[in-house]
Each structure stands twice: as C-alpha cells, then as structure tokens.
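Q: Pulled these features from Swiss-Prot for this protein:
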type     : residues                                                       : note
BINDING  : Ala167, Pro168, Thr169, Gly170, Ser171, Gly172, Lys173, Thr174 : ATP binding site
COMPBIAS : 42-52                                                          : compositional bias 'Polar residues'
COMPBIAS : 58-70                                                          : compositional bias 'Basic and acidic residues'
COMPBIAS : 71-82                                                          : compositional bias 'Acidic residues'
COMPBIAS : 252-265                                                        : compositional bias 'Basic and acidic residues'
COMPBIAS : 266-277                                                        : compositional bias 'Acidic residues'
COMPBIAS : 562-575                                                        : compositional bias 'Basic residues'
COMPBIAS : 582-598                                                        : compositional bias 'Basic and acidic residues'
COMPBIAS : 605-614                                                        : compositional bias 'Basic and acidic residues'
REGION   : 31-115                                                         : region 'Disordered'
REGION   : 244-293                                                        : region 'Disordered'
REGION   : 556-620                                                        : region 'Disordered'
MOTIF    : 142-150                                                        : motif 'Q motif'
Amino acid sequence: MASAFSLLTAGGAKFDKNRFKDDFQLFEAKKRKDRKGKSKQIDTLATGSALPSSLDFFGDHPHPQHKPEPEPESESESDFESDSGSSSTSIPAPPPQKITLTGAEPLPKSLHTNLPSLVNHESHSLTSAEGGPLLSALSRANIHSLWGVQCAVGGCLLEDRDTLCVAPTGSGKTLSYVLPTIVKLREPARKLKGTEEGKGVRALVVVPTHDLAVQIQGVIKAVTMGRHWRSMVLTKATEKAVWESAPGEAVKTGEDGDSEIKDGEDSGDEEEDEDDNGSTGSVDEFAPKVSGNPEGLGIDMLVATPERLHHLIDSRRISLARTKYVILDESDRLLSSDFLPQVEPILSACSNPAVQKCFLSATMPAGAESLAKKWLKDGGVRVVVGVKDSAVTTVDQSLLYTGSESGKLLALRNLISSGQLPYPSLIFVQSIDRAEELYKTLVLDGIKVDAVHGGKAKTKRDEAIKDFRVGAVWMLVVTEVLARGMDFRGVKVVINYDFPQTVPSYIHRIGRTGRAGRPGKAITFFNIEDGPYLRTIANVLRSSGCPVPEYMLDMKKPTKNEKKKLAKAPPKRKAVGGGGRDLNREAGKKKKQMVEASKKRKMLERKGKGGNEEKNDDEE
C-alpha cells in the first residue's frame with residue numbers, strides 16, 4: 001500500500017524534505033522503544049494521528065474509531081448552562097471555606113456531603129420510589145456530592161428552620177434550597193391530585209429578574225427529571241395556569257381586572273412566552289373564565305419576579321394561603337426600596353401557619369439583614385460561608401486607569417487584540433444607552449457580540465443569552481440586570497467598563513466569573529470622575545488577596561452622602577468613545593426635543609385658530 005505522503009505528492013511534484021522536515025514527519029513512520037528497549041516502528045496512520053478523512057482522496061485508508069477515555073468523577077455540581085440543564089463535564093468544587101451558623105439553640109446539623117444523606121434525613125426520609133428518581137436525576141446532571149453551603153442550608157431547611165444565608169457567588173446556593181424543597185414536597189402535585197396537599201402553589205421562589213427566573217427553572221427541571229414535577233416561571237403566558245392552580249377571590253367570583261404589568265428591574269417589551277404546554281397567550285385571554293383545571297392541580301414550584309406576582313395578589317387573582325415554602329433569592333436586592341413595596345405583600349400573602357422561609361444572597365447589608373430577620377421565625381438560622389460581603393477568592397482582580405471615555409475603548413480594544421480578553425467574556429456598563437453604544441461599536445470592529453439589558457424584549461434577551469452559552473456570541477455587553485445570580489460557568493473575564501456604583505454591585509458583577517472553583521479574571525476601568533469611590537473597591541480587592549497600589553488605599557474615604565448619591569444614580573459620562581460625532585450627543589438630543597416641542601406648539605396654535613374660525617361661522 002502506498003504511503004499517505006506518496007498519495008498526496010503523486011503526479012511528479014518535487015518536495016524539499018529538508019526545508020519542510022517538520023511537516024514531512026507528520027506522514028513518516030515513527031520509531032519508539034518497547035518495554036524491552038527494542039526499537040519498534042509505528043505507523044502513524046494506525047495510531048491516534050490517523051489521516052483525516054478530508055485528505056483521504058482515494059478512500060483506501062482505515063479510520064479507526066477510538067473510544068474516549070472515561071473522565072474521573074469528581075465532587076461537582078452540574079453545569080446548568082445547556083438547554084437540557086445538565087452537563088457531562090466534571091466541575092471542581094469551590095475552595096473550602098469556614099461556615100458559621102448562628103441562631104436559636106439547638107442549631108441544626110449540616111448534611112453529609114454524600115447524596116444519600118439528603119434523601120435519608122431523619123426528619124424527612126424518602127422511600128426508594130421517592131428518592132431514587134431524584135438521585136438518578138442528580139447523577140445525570142453530574143452532581144455527585146453536596147458542597148458546603150448545600151450541606152449547611154439543606155440541614156437547616158430539613159429541620160424546618162427558617163434560614164438566612166450569605167455565601168459567595170458561584171458557591172451553589174441555588175441547589176442549596178431546590179434540593180431540600182423537593183425532598184420536603186416528597187410527591188409531585190400530579191400524584192396528590194384531589195388532595196389538599198396537591199393544590200395551590202406549594203413552593204415559591206422570588207427573584208429580581210426574569211433572566212434569573214428562567215435559569216432557576218432550568219435547574220429545577222434538571223434535578224426533577226423523571227417524576228413529572230410541575231414547575232414554571234410566572235409570565236404573561238402562564239398567568240392563567242397559575243391562578244387556575246391557586247385561584248384567588250376575584251377568579252372564584254368571576255371578577256375582571258386589568259392585566260397590564262411591567263416588572264420593575266425586569267422591564268421591557270413583554271413578549272408572548274410559551275407556557276407548560278407550548279401554547280401562547282395574549283392579555284385578552286387572562287380575563288377570568290371557566291377554569292380549564294377542574295381538578296385544581298397544584299404547582300410544585302413557581303419562580304416569579306415581584307411585580308407580576310404582586311399584581312396577581314393585589315387583584316385577588318391568586319391565593320398563596322397553601323404555600324409552605326418561600327425562597328427569596330438575591331434577597332438583599334428584593335428587600336431594597338425598589339422591590340420592598342411588592343415583596344412585603346407577597347410575604348404577607350403566604351399566610352400558611354407552617355410556612356417556611358429562606359433568604360439567600362452573596363451580599364447582605366446590615367439594613368437588609370435586620371429587615372429579613374423580622375420575617376423569619378425566631379430570627380432564623382444565619383448561615384455565613386467565608387467572610388460576609390466579600391468577593392470570591394478564585395477571581396484575579398485588577399484596576400486599570402484609562403483616563404477618558406476614548407481611553408476606555410482603546411484599553412478594551414488593546415485587551416482584545418493582545419489576547420488578554422479570551423472568549424467568552426462579559427462587559428458591564430451603567431445604562432441601557434451605553435450598552436447599545438458599546439455594542440454597536442464592537443459590532444463594527446468585527447466581534448461576535450450582543451447586548452442584554454432591561455430595554456430589550458424578554459425573548460430577545462433569552463436568545464442572546466442562549467447564543468452566548470453555546471458560543472455563537474463571544475461577548476455580551478450587559479447592565480446590572482445580568483449582574484445577579486446568572487451562572488455563566490465558562491466566562492473567563494469580566495470587564496467593568498463603567499465603574500460599579502456600590503460594593504455589592506462590584507461583588508455580584510465579578511461573581512459571573514470564577515464560579516464553582518474555576519479561576520477567573522476581573523478588570524475594572526476607572527477615570528478621574530471615579531476617583532472618590534476608588535478606595536472602597538480597592539479595599540474589596542485587598543480583602544480578597546489581590547495586589548492594590550498603596551496610593552489607592554491612602555485616598556480619602558467617600559462620605560455617606562457621596563455613597564448614597566452614587567448608589568441612586570451613576571455619574572454622567574460622555575458617549576462611548578468620547579469623541580467624533582458622539583461628542584455633542586446630549587446637545588443634539590436637547591436640540592431635537594426643542595424642535596419637537598416647537599412643532600407641537602405650532603400645531604396647537606393652528607388647531608386653536610381653526611376652532612375660533614368655526615365659532616365665528618356659527619355666530620354668523
């Protein structure tokens with residue numbers, strides 16, 4: 001049989017073997033010594049370096065199929081980034097950290113790291129028919145053991161204790177409440193049809209953004225696969241299914257009401273979302289009708305944003321009187337002034353005497369913590385993983401002075417061209433307008449980029465996030481709407497293009513990388529206008545063990561009023577790039593507004609004159 005090299009060079013072509021020695025050796029037979037020290041000739045085509053099928057022009061070379069080597073199992077949590085919600089990639093556990101429990105004695109015992117301790121808990125032991133499918137689903141999702149926060153929070157919840165958890169980003173908080181909630185529910189609502197226990201919203205998860213709600217729903221589906229658990233995200237399309245499962249007084253009496261809603265931080269154009277059955281709905285379909293759920297089939301787990309859920313409660317369309325488990329994920333954000341007017345009525349509506357609450361976040365300011373304890377029985381059990389309100393230690397953090405807005409763009413382009421910004425990456429900016437500006441600029445640079453912010457429709461945001469997860473998009477330009485809870489395990493670098501307004505904002509932003517024990521990198525740009533707040537962020541870097549120049553730590557501390565002012569509104573900045581046609585962008589906006597106002601005045605004047613002329617005609 002002719003060699004592969006002969007086949008490729010047939011036809012009289014001459015080839016300089018010395019000049020292209022390295023390339024030539026790819027097709028040469030190699031020699032290696034066996035265990036006895038004798039030389040042994042190896043045909044490269046029979047080994048792993050077989051001739052690619054694209055080069056096998058004559059089709060006479062075998063293409064052996066090599067079985068992949070089995071990957072060693074490791075203690076890991078599932079990577080819930082794929083559409084199916086599971087992954088076969090082993091994920092390293094986060095670095096071990098001290099876990100502190102405080103609260104009323106006796107304090108609950110933490111679970112063991114092995115999974116059977118979850119389903120065989122003395123307070124809520126499951127049968128093999130109940131626990132077997134859960135363990136199988138966890139195995140399929142590549143979850144082989146529990147992590148520290150999951151052991152601590154799981155132990156608290158399974159002993160029926162209200163819990164307040166503060167744990168770093170990427171430490172596994174979502175599973176820490178999803179798994180024990182499923183164990184305590186025991187059976188899906190479908191198996192409890194016709195009983196009181198199988199009615200209503202059985203467990204409720206409240207989150208600040210729609211994007212996080214969709215992600216949590218993916219986690220729930222992954223670990224409940226095989227037992228027909230009923231879980232859903234509350235959207236315009238699923239409203240009807242929700243209030244049919246847990247009807248309020250307005251639904252029972254047939255009253256009508258307004259269904260228009262927008263979700264605070266999750267604002268944007270509402271789109272028709274698919275419900276459980278794949279159907280879509282419009283606003284007109286949500287007026288109370290004859291129930292399409294006559295058996296009163298309950299919802300095992302409902303994931304909702306505050307504004308839409310509060311609207312259903314306020315209009316008496318839904319009842320949460322049967323809800324036994326309430327979880328506030330990113331609770332410090334939900335207990336802030338933006339969401340508190342909606343969250344308090346939601347908590348009050350969960351009037352079941354046996355209701356159990358769990359509040360979790362990566363950051364918990366003193367004000368939010370004291371407010372949370374008022375809603376927890378006996379103040380709850382406080383679980384702190386590592387150092388409270390600190391950044392994740394697996395992220396290499398740095399601060400970069402850019403001088404101006406044009407300097408920011410230049411620095412970003414330099415990072416990209418020098419290979420210091422590997423894909424996939426997240427770029428945080430402070431507003432919707434700036435996100436769109438930077439997105440359009442990077443598109444013109446030929447980068448596969450997309451933008452996600454509150455001004456985009458939900459379906460467009462979901463599509464952009466999906467493309468980012470599968471690698472169709474290399475970079476995402478995002479606002480704070482994606483800073484909390486979103487799990488992008490593959491993100492290697494986070495760029496704070498605009499300086500974060502608060503320490504919690506910084507911690508949550510950089511927490512999108514370095515998740516589940518993986519290394520990550522965060523670079524924060526700053527200019528002159530960010531100087532007064534630089535020391536605050538520099539202290540976070542120092543507490544995480546990252547090097548910080550001394551001059552930053554010696555800078556004047558910002559006053560409380562300055563911090564409050566920055567938290568309420570970001571500093572005004574020039575347009576992205578800081579020059580060219582964008583330099584007078586604000587002036588152009590004002591001029592346009594003045595022209596439009598002038599046109600309106602003239603139009604009103606004309607209408608007024610026309611009306612007077614008609615009156616004069618009538619008088620005549």
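Positions of Cβ are set from backbone N, Cα and C atoms, glycine also.
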Q: Using DSSP, tally how many residues of the compositional bias 'Basic residues' (562-575) sit in helix, strand and coil.
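A: Its residues divide into 7 helix, 0 strand, 7 coil.
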Q: Let me know the DSSP-derived helix, strand or coil state of Ser171 (ATP binding site), please.
A: coil
Q: Which residues of the same chain, at least 6 positions away in sequence, have a Cβ lying under 8 Å from the Cβ of Thr174 (ATP binding site)?
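A: Expected: Ile216, Val219, Asp329, Gly485, Asp487.
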Q: When DSSP states are grouped into helix, strand and coil, how many residues of the motif 'Q motif' (142-150) land in each?
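A: With helix first, then strand, then coil, the motif 'Q motif' (142-150) has 3 helix, 0 strand, 6 coil.
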